[in-house]
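Working notes for the structure below.
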Amino acid sequence: MTQRNDRICGVLLLVLAVAYGWGATQFPEPFGGAESVGPDTFPKVLAVVLALSSLYLIVKPDPDNAWPTGRIVLELVIAVAVLVAYTLLLQPLGFILATLLAVGTLCWRMGAPPMRAYVTGAIAGVVVYLLFTYALNLALPLGVLSVLEGS
Amino acid sequence: METLGYLIDGFGVALAPHNLMFALIGAFLGTLIGALPGLGPANGVAILIPLAFTLGLPPETALIMLTSVYAGAMYGGRISSILLNIPGDEPAMMTCLDGYPMAQKGKAAEALAISAIASFMGSLIATIGLILLAPLLAKFALTFGPAEYFALFVLAFATLGGITGKNPIKTVLAAALGLMIATVGIDSTGTQRYTFGVLELYEGIDFIIAIVGLFAISELLFFIESRAGDGKGPMKVNKLTLSFKEVREIMPSSIRGGVLGFIAGVLPGAGASLGSFIGYTLEKKVVGKKGYFGEGDPRGVAGPEAGNNGASSGALVPMLTLGVPGSGTTAVLLALLISMNITPGPLMFTQNADIVWGVIAALLIGNFLLLLLNIPLVGIFVRLLSVPPKYLLPIVTMVAFVGIYSISNSAFDLYFMVAFGVFGYFLRKLEIPMVPIILGLLLGPEMEKNLRHALDIADGDWTVLWSSGLAIGLWVVAFVGLVLPYIVGPILRRRMNAARQSAE
């Protein structure tokens, strides 16, 4: 069993600790002059704690967990992409359509038959929209569907 | 007697119709969340927090609803343990041992009813314990100065890994990361720290976003990777035939389990896993050869369930009195309090007495509601168990999105939440616990404030941090709390696994 994960993580965190600690030394002096405890004191303590614990991780790593490979990595990337796209589309496309697409795609990628997946997405979108708009009085963006509202 | 007066006032708060309604909603949703495999109480409460905000609930109502969710989730956990042999979370593991065999023998309804009664007893005992103990602890904590508080925060982190935590250094690491995230923003002297000129960061990073991202989004990613859950369907539930005699039989087990669970819950770091484990082992010891544990002994269901629920109410003691949560879920509840501008801790008992006692009263009422809800409605929860997670998790994720979106209407926050989700996925892969990160985010500002105070008073002399007996005591407990799991943890985990294997 390899122990690379923890080592790599330890190195990255060590770099972070140094950068963070260095950042703390660059803070401008607060208004009212230097105090015994300034804005930099606590961050410096944290940088030291993080540096020490990441060093420990490098020296004594735990055995690795298996990382996903191939297809599953792709699925994970798709899932994150769907979430980002959901955020992007929420305003322009409106809540109901964006939810239909996002929930539908996620269900489908997780193994549901496409038809049922998108139907689930549509139902979820409409139900939550109605719930928020009429029961909770909160506005969710209606987006392109707002043409229906006028009629 | 003073306590009694407060408690009566508390009932006045908790019994207000809208509070009662939200308690009922919370109890129902909580049971649902707990019943679904993969969604634990911490995730459940985390997902519902943004909703509590968007509803614009007053603090006591929001807190009442979410404590009901918490209690409900602890109740619900047993449903998947008994019917699917899948523990929803670690503490529910012990319930599988006798609960599933009971269901296999066609006594699923009895197992569910017994576990509901035992859960009720456990919570009831622990809530009474909370009422007795919390004011005393709060009074004691009033004597704390800044140095003691700083030590107390360290203690909170040190014991958070809990007995079942694996690598204590990873707990330290996670705590440091969380505290570092907390320093982003403009500090009390007006200095900008780590904002890189990004306007959205001036106010700091909202921990609600971090919590939802870390818990809900990472859960989705983790599920995609493991593709778990498409296994067998739940057991059939027979018609309930529970005699008074049978209920009487499990009462002693429930009481013992509840008391032990409460103690385990109050102790920093011990938590519900230990509560249910000792609840079960004690039953085995007490009943001895007369029992048929592992083959569906009702007492083997009652003991751990009472312990489990006792511990979860017990964990509210340090959270409410000291502002130091003893478990992941109480950390999430703490987040709720802080974001409503209520500082938990001893002062809350005097400054926000109505809230504290309202919540405690709500906990009592919630337990009755849960018992009433759980015995007749168990069929509904069982039916919901058959909804496959591949439909459920995307919807849960969407609810988290909507919650965050309706707090701020900001796309920036949503991206941040997704980023935290990815971060959480890597952390879980590396077995770095997420709760200390959350706690770091929550306690960071208070911790720094107390450090500054203590050092300012002592003119920058760091030894002030361990200059009083009380402070030294806290440091010692913190140290023990950090090191002990290293020794006890593997033993406990091994025993829990061994018990599980021998039962199979």
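Our numbering is plain: 1 for the first residue shown, then up by one each step along the chain.
Just so you know, glycine gets a Cβ as well, placed from its N, Cα and C.
Pulled from TrEMBL:
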type: DOMAIN; residues: B:20-439; note: domain 'DUF112'
type: TRANSMEM; residues: B:20-39; note: transmembrane segment
type: TRANSMEM; residues: B:45-71; note: transmembrane segment
type: TRANSMEM; residues: B:111-134; note: transmembrane segment
type: TRANSMEM; residues: B:140-160; note: transmembrane segment
type: TRANSMEM; residues: B:172-192; note: transmembrane segment
type: TRANSMEM; residues: B:204-224; note: transmembrane segment
type: TRANSMEM; residues: B:258-282; note: transmembrane segment
type: TRANSMEM; residues: B:322-343; note: transmembrane segment
type: TRANSMEM; residues: B:355-385; note: transmembrane segment
type: TRANSMEM; residues: B:391-407; note: transmembrane segment
type: TRANSMEM; residues: B:414-444; note: transmembrane segment
type: TRANSMEM; residues: B:464-488; note: transmembrane segment
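Within the same chain, residues 3, 7, 71, 74-75, 78-79, 82-83, 95, 98-99, 102-103, 237, 240, 242, 246-247, 250-251, 253-255, 257-259, 261-262, 265-266, 279, 296, 298, 301-303, 305-314, 316-317, 320-321, 349, 356, 360, 363-364, 367-368, 370-371, 374-375, 378 sit at least 6 positions outside the transmembrane segment (B:111-134) and bring their C-beta atoms closer than 8 Å to a C-beta of that stretch.
Touching of the transmembrane segment (B:140-160) and the transmembrane segment (B:391-407) is ruled out by the presence of fewer than three CB pairs under 8 A, sequence neighbours closer than 6 excluded. The list of residues near the transmembrane segment (B:20-39) in space but at least 6 beyond its ends in sequence, with Cβ under 8 angstroms from a Cβ of it, reads 14, 47-48, 57, 61-62, 64-80, 84, 86, 88, 219, 223, 228-229, 362, 365-366, 369-370, 373-374, 381, 384-385, 387, 389, 392-393, 396. Packing against the transmembrane segment (B:172-192) from elsewhere in the chain are residues 157, 160, 201-205, 210, 427, 432-445, 447-449, 452, 482: each is 6 or more residues past its ends and has a CB under 8 Å from a CB in it. Between the transmembrane segment (B:322-343) and the transmembrane segment (B:391-407), fewer than three CB pairs separated by 6 or more residues in sequence fall under 8 Å, so the two stretches do not touch. Model confidence over the domain 'DUF112' (B:20-439) stands at 83, taken as the mean pLDDT rounded to a whole number. Between the transmembrane segment (B:391-407) and the listed ranges B:204-224, B:258-282, B:355-385, B:464-488, the one holding the most Cβ pairs under 8 Å is B:204-224. Of the Cβ pairs linking the transmembrane segment (B:258-282) with the transmembrane segment (B:464-488) and spaced 6 or more residues apart, 3 or more are under 8 Å, so the two regions touch. Across B:45-71, B:204-224, B:414-444, the stretch most heavily in contact with the transmembrane segment (B:355-385), judged by Cβ pairs under 8 Å, is B:45-71.
Long-range neighbours of the transmembrane segment (B:45-71) within the same chain, counting only residues 6 or more positions beyond its ends whose Cβ lies under 8 Å from a Cβ of the stretch, are 13-14, 18-19, 22-27, 29-30, 33, 123, 208, 211-212, 214-216, 309, 312-313, 316, 329-330, 332-333, 335-337, 339-340, 342, 352, 354-355, 358-359, 362-363, 366-367, 369-370, 396, 399-400, 402-404, 406-407.
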